[in-house]
Amino acid sequence: MDPEMDSQLKIGFIGAGNMAFGIAKGILSGNVLPANVKVSAPSSRNLGRFQELGIAVTHSNVEVVCGSDVVFVAIKPHVVPLVLNEISQHVTDRHMIVSVAAGVTLATLEELLPENSVVIRLMPNLPCLVQEGALLFARGSHAKQEDSALLRSLLHRCGLVEEGPEAWIDIHTGLSGSGVAFVYLFAEALAEGAVKMGMPSALAHSIASQTVLGAGRLLRDSGKHPAQLRSEVCTPGGTTIYGLHALEQGGVRASTMSAVESATERARELGRKSAAGSRK
């Protein structure tokens with residue numbers, strides 16, 4: 001994708017939450033200029049941080065759509081039908097609509113928008129805020145390969161960007177969208193274990209966060225399977241295998257798999273509710 005093309009694009013955000021902010025930061029670290037971005041939200045509560053980036057803000061969703069080529073719909077699932085009904089008559093064939101609403105299907109989005117609208121469903125995660133996100137997107141029936149290339153070009157500074165079938169989006173929500181919180185829970189437990197054994201809390205939490213960061217980076221950059229890296233830490237009769245035994249006794253592996261499954265099922269349930277709501 002031509003960087004000059006990115007720099008000329010007009011980008012809009014409907015919604016001003018953490019996902020919108022993280023994506024906006026990533027886009028601005030590429031070739032898009034702040035002057036070419038606009039954000040709308042019903043309240044001014046979250047708009048200040050966008051203004052600090054040089055981004056124009058408004059309370060009008062229609063204003064964002066009319067002034068944009070690519071529109072990120074970064075709102076709660078239950079308000080998607082209301083917002084898309086509001087902007088639908090202003091969506092044209094020049095627009096790409098990128099939905100970040102959890103559980104809202106491409107079929108629902110296309111039903112609420114004009115015929116032949118270019119729609120993409122995107123699921124990011126919270127580390128987009130520090131450009132270390134994991135983002136998965138799926139194309140709607142009228143989105144072409146060049147639309148995928150454009151979105152990848154816009155988002156590449158946000159972290160890992162992958163495309164897949166829509167069926168994977170809800171799984172990605174459970175794995176990575178919610179999975180971030182599972183990692184935080186584990187990091188918290190690591191630190192609390194150290195506090196129990198006598199380490200000061202602040203130091204324990206600092207070391208726990210660095211442990212998670214370092215382990216994740218090594219896992220990503222080495223290309224090795226997690227089991228291989230885990231075995232490299234274990235020595236016969238050493239401390240790690242004793243600790244791993246305790247984790248297995250506590251069912252950490254099965255609990256983690258169940259957590260991903262539960263979060264995925266909840267994402268699917270939200271999608272069904274959203275689809276039902278859009279038909280009313």
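Using the three backbone atoms N, Cα and C, a Cβ is placed for every residue, glycine included.
Whatever TrEMBL says is automated annotation, not expert-curated.
Database features, via TrEMBL:
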type	residues	note
BINDING	Ile14, Gly15, Ala16, Gly17, Asn18, Met19, Ala74, Ile75, Lys76, Pro77	NADP(+) binding site
BINDING	Asn61	NADPH binding site
DOMAIN	10-103	domain 'Pyrroline-5-carboxylate reductase catalytic N-terminal'
DOMAIN	166-270	domain 'Pyrroline-5-carboxylate reductase dimerisation'
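Neighbour density around each Cβ, counted as other Cβ atoms within 10 Å, peaks among the binding-site residues Ile14, Ala16, Ala74 at Ile14. Residues Ile14, Gly15, Ala16, Gly17, Asn18, Met19, Ala74, Ile75, Lys76, Pro77 are recorded as binding NADP(+); their most distant pair of Cα atoms lies 15 Å apart.
Of all the binding-site residues given, namely Asn18, Asn61, the one with the smallest number of surrounding CB atoms inside 10 A is Asn18. Residue counts for the domain 'Pyrroline-5-carboxylate reductase dimerisation' (166-270) under DSSP (helix as H, G, I; strand as E, B; rest coil) come to 89 helix, 0 strand, 16 coil. Counting only the Cα atoms, the space from Asn61 (NADPH binding site) to Ala74 (NADP(+) binding site) is about 12 angstrom.
Packing around Lys76 (NADP(+) binding site) is summarised by its Cβ count: 14 other Cβ atoms lie within 10 angstroms of its Cβ, all protein chains included. Mean model confidence of the domain 'Pyrroline-5-carboxylate reductase catalytic N-terminal' (10-103) amounts to 94 (pLDDT, 0 to 100 scale).
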